[in-house]
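**Q** Features from TrEMBL:
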- 3-160: domain 'Aspartate/ornithine carbamoyltransferase carbamoyl-P binding' (DOMAIN)
- Ser47, Leu48, Arg49, Thr50, Trp75, Arg110, His147, Pro148, Leu149, Gln150, Cys276, Leu277, Arg304: carbamoyl phosphate binding site (BINDING)
- Glu142, His176, Lys240, Arg280: N(2)-succinyl-L-ornithine binding site (BINDING)
- 191-313: domain 'Aspartate/ornithine carbamoyltransferase Asp/Orn-binding' (DOMAIN)
Amino acid sequence: MTNFLSLADVADIDALIQSGLAAKANPFADQHLGKNKTIGLIFFNSSLRTRLSTQKAAQNLGMNVMMMNVGQDSWGLEMEEGVLMNGDKAEHVREAAAVMGRYCNIIGIRAFAELKDREKDYREQVMHQFAKYAKVPIVNLESATRHPLQSLADCITIEEAKLVTRPKVVLTWLPHFKPLPQAVANSFCEWMNARAKAGHIEFIVTHPEGYELAPEFVGDAYVTHNQSEAFAGADFIYGKNWSSYTHYGQVLTQDPSWAVTMEDLQLTNNGKFMHCLPVRRNLKVADAVLDGPQSLVIEQAANREWSAQAVLKEILTYNG
Ligand code: CP
């Protein structure tokens, strides 16, 4: 593995899941791999889990860790090529990424969608500019269209918690008053479709009309606008809000009936509830669900450490 930008960079998902589980069982077994190596974690947006779990994973592997909030700790970065830099961005990514690449053996980057220009967001300019100019492996800490470290943690969590050989996994849209990116939902679809194709799960997506995700992410998943139909007999309910892809970045409905309650969970096969967090209680999910025995959200967040460690181990192993 050179970069970890999306599922396309993963040769063997099963092996990566098993590597995460092995790290969880024995976190310090590979400390030698990161000795005298440095990772830079670069944030254009806020984070709790990604920031702390990736730092912890790197330290478990013996790495030094540097963190930076772009625009607060550093100069604002210009991403466009050939522009007259007479605005608020004082430094170009060409120099910034090249310099960071001299200080770091691996660079992790978080840069969300701006939700103004769909084509621009889906081009993943920030990730590609860093990969081009830093010349060291790049790890996606959540980009405009994907959150693969989250998806790997989700795979690990499902693998640990499943009670049947081929569980039914449902991605459901949840209501929210703010427009949120599609990255987590896109990535979850991408990884779950691969798991379904390999026969490990059955995968269903449910959302109100107008919230169709990009076709390249939905793939062959069964999609229904009937949440109760989707929940029937489900083993895992994965909740997430996203703004419209077709009416890009818009909030088309805030219908509270899409929030997950204990009554909804009664339709499932004693289904477990998952959410990447942060979550707004009682807007998207009832307190009783999050605080009840069917919630996996804390274990899921804890598994972010092991997904990051599996990915960093793979990169350190194959890039020296
Ligand atoms: N799930 C997740 O990525 O959390 P943070 O945004 O807090 O990093």
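Every residue gets a Cβ built from N, Cα and C, even glycine.
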**Q** Among Arg49, His176, Lys240, Arg280, Arg304, the binding-site residues in question, whose Cβ has the most other Cβ atoms within 10 Å in this structure?
**A** Arg304
**Q** Can you tell me which of these binding-site residues sit near ligand 1, meaning the Cβ is under 6 Å from at least one of its atoms: Ser47, Arg49, His176, Cys276, Arg304?
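**A** List returned for ligand 1: Ser47, Arg49, Cys276.
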**Q** Averaged over the domain 'Aspartate/ornithine carbamoyltransferase carbamoyl-P binding' (3-160), what pLDDT does the prediction give?
**A** 97
**Q** Just checking: which of Glu142, His176, Lys240, Arg280 have a Cα that is within 10 Å of the Cα of Leu149 (carbamoyl phosphate binding site), counting only these binding-site residues?
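**A** If one measures from the Cα of Leu149 (carbamoyl phosphate binding site), the binding-site residues that come within 10 Å are Glu142.
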**Q** I need the nearest neighbour of Glu142 (N(2)-succinyl-L-ornithine binding site) among the binding-site residues Ser47, Trp75, Arg304, using C-alpha distances.
**A** Ser47
**Q** Taking 10 A as the limit, how many CB atoms besides its own sit near the CB of Cys276 (carbamoyl phosphate binding site)?
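**A** Cβ-Cβ neighbours of Cys276 (carbamoyl phosphate binding site) within 10 Å number 25.
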**Q** List the Cα distance (Å, whole number) between Arg304 (carbamoyl phosphate binding site) and Lys240 (N(2)-succinyl-L-ornithine binding site).
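**A** The separation of the Cα atoms works out to 17 Å.
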**Q** Counting across all protein chains shown, how many other Cβ atoms sit within 10 Å of the Cβ of Glu142 (N(2)-succinyl-L-ornithine binding site)?
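**A** That number is 26.
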**Q** Could you give the number of helix, strand and coil residues in the domain 'Aspartate/ornithine carbamoyltransferase Asp/Orn-binding' (191-313) as assigned by DSSP?
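**A** For that range the per-state counts are 45 helix, 20 strand, 58 coil.
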**Q** Taking the Cβ of Ser47 (carbamoyl phosphate binding site) as the centre, how many other Cβ atoms fall within a 10 Å radius?
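**A** 17, counting other Cβ atoms within 10 Å of Ser47 (carbamoyl phosphate binding site).
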**Q** Given Arg280 (N(2)-succinyl-L-ornithine binding site) and His147 (carbamoyl phosphate binding site), what distance in Å do their CA atoms have, once rounded to a whole number?
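**A** Roughly 19 Å, rounded to the nearest whole number.
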**Q** Roughly how many Å lie between the Cα atoms of Cys276 (carbamoyl phosphate binding site) and His176 (N(2)-succinyl-L-ornithine binding site), rounded to a whole value?
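**A** Roughly 15 Å, rounded to the nearest whole number.
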